[in-house]
Amino acid sequence: MATHTIDPNEPTVDDILRLRMFTAKDVTGVSYAVLNYWNEKGFLLETQKAGEWRKFNFYELAWVYMLNELRELNVELKTLIDPLKNAFRPRSFIETEGVEVQHHELPAETKEKLKGWKVAYDPSYPHGFTYSVWFAIEDKSLLTVRIYGGQEVEVLTSDTLDEDEYALKMMDNSRSFISISLSGIIAKMLGDKDTPTLQKLGILSENELTLLKYLRNNELQSVNIRYSKGEPVLLELKSWTNLEDKNRRLLEVLQSPYDELTFKTNGGKNYGFVRTHKIKLKE
């Protein structure tokens, strides 16, 4: 297995997502017994040796949550796991050559923590999955997995389809299927205070994660964004019905160079905070 040492001065998003910082205790809604069973059966992205459980990275955790949603829908994972992994095998449309890799400026404290970290690149991985998750975060693309008849898997992403094609695909119900929104899973992980990847790396502050928590609990009415240049922007989130769209839009705001955010809850309470630390995308 190839390894790559992270440069703390220029970590990529992929580097960050490959950091194994989640234990079985961090996996919400999936017991250790279930994780152990999935590991024994080879359902996880990478099989871990018995008695040597180490930490998950963001990609592996997203895969676990996808399996759990399928399990809750009573899908037989034993017959689906190979088609599922094969659907994410590398193919021409996911070649990363020519894709601009963005680096990030991290706080000094975080750089110190990253010194000596290594990330592994396992050739047995379904790399299409890691690429799709990475792209969904970097480019905010939509990502959906459909299962037809229990064994046929189709991956739909706005990365490879234009907006109209993706919309038509999503409306096509000529065949019965089970659908899992991977972009929805990712959005929840990014906004979940119990999933500390972004906070640990200084990407989102505790105040920003609290704001996302209000949103996910449908307790957020509006957000007012103030910038050093330009007019304030008001987001009337209460009128939006799609939680995934609201989550994505709010993440866009939090990744922008705002100066101050004030927000109002459905109960009429007002809160606010100023921007503290932030990862800055290099030009």
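Glycine is no exception: its Cβ is also placed from the backbone N, Cα and C atoms.
Taken from TrEMBL, the feature domain 'HTH merR-type' applies to 24-84.
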Helix, strand and coil counts within the domain 'HTH merR-type' (24-84) (DSSP): 36 helix, 1 strand, 24 coil
Model confidence over the domain 'HTH merR-type' (24-84), averaged pLDDT: 86
